Amino acid sequence: MVKRSTRYILLAWLLFIAAAVAVVFRTHFVADLSAFLPKSPNVKQQILVEQLKEGAIARLVLIGIEGGDATQRADASRQLQAELSKRPLFSVVQNGDPAAMQADQAYYFKNRYLLSPAVEKDHFSEAGIKASIQQLLIAMSGDSGLLIKKLLPSDPTGETLQILEQFMSSGGPRTEDDVWVSKDGQRAVLMAQLASSGLNTDEQALALDDIRAAFTKASQHTPQLKLVMTGTAVFSVYSRDTIKSEVERLATLGTVLVIVLLLLVYRSFRLLLLGVLPVASGALAGIAAVSIGFGYVHGLTLGFGTTLIGEAVDYSIYLFIQSGQEKKAYFWRTIRLGVLASIAGFAVLMVSSFPGLSQLGVYSIAGLLVAVLVTRFVLPVLMPTQLKMPALTGTATILDHVFEGLRHIRWVPIVLLVVSFTYLLMNHQRLWSRQLSSLSTISAAQSQLDAKLRGDFGNTDMRYIVSFHAPTQEAALQKAETVSGVLNQLVAANQIQGFQSPSNILPSVATQQKRLAAIPDQATLVKNLNAALVGMPVSADKLTGFVTAVTAAKQQGVITKAGLAKTASGVLLDSMLIRRANDYLVMMPLVPLANGLVTNTFQQSLDRAGLAGVSVLDVVEETSGVFGRYTEEAMTLSLVGSAAIVALFVFSKGWRTAWRISFPLLCAVVVVMAIFAWLHIQMTILHLVGLLLLVAIGSNYVLFFAEDETDRDLASRQKMEVSLVVANLATVCSFGLLGTSSVPVLSFMGSTVGIGTFLALIFAAMLVRQRYVKASE
Amino acid sequence: MQQMRKLSVVTRACVGISLLVAAATSMAAEWGVNDLMQSLSQKKAGTATFVEKKFISTLNQPLESTGQLAFTAPDRLEKRTLSPAAESMILQGDKLMVERADGKKLNVSLSDRPEVSAFVESIRATLAGDKAGLEKYYAIVLNGKPEQWQISLTPTQSKMQKVISQIRIQGTKTQIKMITFLQADGDRSEMTITETSSK
């Protein structure tokens, strides 16, 4: 006969589970790098984040071919270029082959009269033409005359040189055997741009597979060749795959470990199944809550989530092992306070601007609440009235002795605290890592490859950028022209070596129209040309190509972005002129002088020139800025979280007890930090979160020890101790597993909590546990 | 008998003379690229003025430029053009620095630009007497004698052949008098060099 209230409880639980499952089924899971990017950055960081996520730079895949000899590499490079150019996922693939660069050369040459800054009023007057041709003749008599002389018949006014001038400061990769090669010549290099900026990680993975397939085809007769790739897409896909496989591996292993542990303790499948119920319900609730709150669940949240097993399973362990004791009220009171402490700790994470952390906060709170509610209301209903727990008296007695022994060395945590604290103070400058890369899944070898390939491409390091936004493409290009004017002065004043501007590739319509207006009709042009050539060593009949080209340019009219399809310059333009939802963002890379650039001074130069809304950013500085802010935020959050937990203790237990139970946790936190410092592991925000978790989980231990009255009977006390040890083992196992992960964020958190909770238990036993006094006395 | 002896004396003298001549001829034949390079490599530094004429098919008359050259062994070569526009080219080791009339500077690393490298080595390696440096890019043929020699450099790399068909360097002893670039398209440039100092 089941009681009515019991039926309602079971029904409510089943309904809840069904609803949660329904939500989880519709959940969108992501596993890219987005969890590391801030939600509410400042303007400069916003630009950076956008670019990291989907900018033109993010769309580039740099490819290297290694091994074999130079000819084999060059052949493979050409085949790979030809093959990939055919595939729809790529907008342009370049390998330095002049044949592949033809579209670019054709664009500049064909449109030279619209692109050349020299084309102004009077440029095609008699005097204007004479001056231009004289200048070209002088250039022809100089050291590069051999190359320049080819321009004379079709471009006697030297517009091509004017255009080239604008690109002077940017070098390219080294060329050998007509393909790009690395600086040492040991690697052929190519550049592929993904067609769409909105590619998700799955599509990026497909594109990378395309590259691999094309390479396999290109190298089928030369198996000694090796393909290497780098770029945001490569990193995203790699991170996703690593996180995915890691989360799966850890979840499986963690579950198996905890199951084995529980089976050893319970020796009952029924209890095991029951023990898993709160965990499973909590995990489902957590995922559903994050899904509802954020619209998606990050794979990393799931990774952290496996750690919840560590805490949620504790409740059923406490319940089962400590069952049968008279003081139920005391038991639930302790559990309630423990859960509240954990929730207080996790709640502060929810407000983090680091999406990964706020998801973790929501996940943990929902998960813990549901787990504890299921333990409190569902498990007692489903539990057999007579629990057949194996007699753990032997183990319990030994444990009790060990704990009793630990009491005698209660000075140890105090000494450790002092030593650790001193050590931390002495090394406080190197405690924290300020590099965003320290969180990245990318291995050191991959970062090195990335740096090497980027180095091969010369000026692709976009460290200093002049940036602004404008409502339309035309407005953006016009402003870029104004900015170029100022930057040109700064180049002349030797403040920078050079810069790139989208307007050099595609001038604004206004400028183009001005240039078109400067071109006279054919009859006038011929008349001016003939008059200009009087007394010059050139005859008009050698220059017919010139008249035709100028006339054609006038007729053709304004050029648009469409003319840049399938060109490398189009890729460059896209990277500098970025279309956003409501406006256009312009990013103009600066080529600094050898001694770098002081952004503040440079910003002042721009401001003085009257350029409003144009800012200079140092990408390296901004990136560490993003991360520095994270670390500060996480420190604040951890402190607030810990303070909330302590406040809770004070509120429910009074000052004295609150101090007594907080002290072992403080010792554990400081000692763990000192261990990391001693091992030369720089701490990141994930370590901080780990410390917060340690406080949350560890508070359960201290609370049980503290609640333990001296007049309790030995058996129930020993049961409590066994339950704490088993719970701690479960935690150390699951977090310890995380500690072995190759994903840094998982491993950082895992090692912190794994080591920390163990210390917390030991310290709690030393400092909080009271000496047993026989009840009869 | 007397006659015979006379004859034989004459014969012997003739044989002797012809041997001498043969020896002299073979000595001349033995003066080769190695010897020229050896003597050129003795020179440690030198300065000169130059007049360069470019004969270009699209132009009715040659383009002329003048300036100064300076060489310091083993690998520094400066070419300063003074007219019609100031321009300088300094080659030092692997680095090529170009400075134009408007003050713009350009730095090129030769190992990054093999074609530029081939071009500048034709002059620098000749001045330095660096035969191996020349042979990296050219097939060398020497004509003439130490007092009046000419080396013809034919590019061995197809990329270079597309631009230059041959480079001819004429000289007297250790002085280079003229460098002619024959371009693949039929144009040519002639640089006449007048030495002003030498060490």
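Using N, Cα and C of the backbone, Cβ positions are placed for all residues, glycine too.
Segment annotation: TrEMBL labels transmembrane segment over residues A:333-354 (candidates A:3-24, A:333-354). Between the transmembrane segment (A:250-266) and the stretches A:360-379, A:634-651, A:722-739, A:745-768, Cβ pairs under 8 Å are most numerous for A:722-739. Sequence-distant contacts of the transmembrane segment (A:271-294) (same chain, six or more residues past either end, CB-CB distance under 8 Å): 13, 16-17, 19-21, 23-24, 26-28, 259, 262-263, 301-302, 305, 308-309, 312-313, 315-317, 320, 355, 358-359, 362-372, 374-375, 378-379, 382-383, 387, 389. Per-residue pLDDT, averaged along the domain 'Membrane transport protein MMPL' (A:176-383), amounts to 83 for this model. Same-chain residues lying 6 or more positions outside the transmembrane segment (A:360-379) and placing a CB less than 8 Å from one of its CB atoms are 9-10, 13, 16, 274, 277-279, 281-290, 293-294, 301, 304-305, 308, 311-312, 315-316, 319, 332, 335-336, 339, 342-343, 346-352, 689. Counted as Cβ pairs under 8 Å, contacts with the transmembrane segment (A:658-679) are highest for A:745-768 among A:409-426, A:685-706, A:722-739, A:745-768. Against the transmembrane segment (A:409-426), stretch A:745-768 has more CB pairs under 8 A than any other of A:634-651, A:685-706, A:722-739, A:745-768. Nonlocal intrachain contacts for the transmembrane segment (A:722-739), taken as residues 6+ away from its ends with a CB within less than 8 angstroms of a stretch CB, comprise 250, 253-254, 257-258, 261-262, 265, 303, 306-307, 309-311, 313-314, 317-318, 320-322, 392, 395-396, 399, 697, 700-701, 704-705, 746-747, 749-751, 753-754, 757-758, 761.
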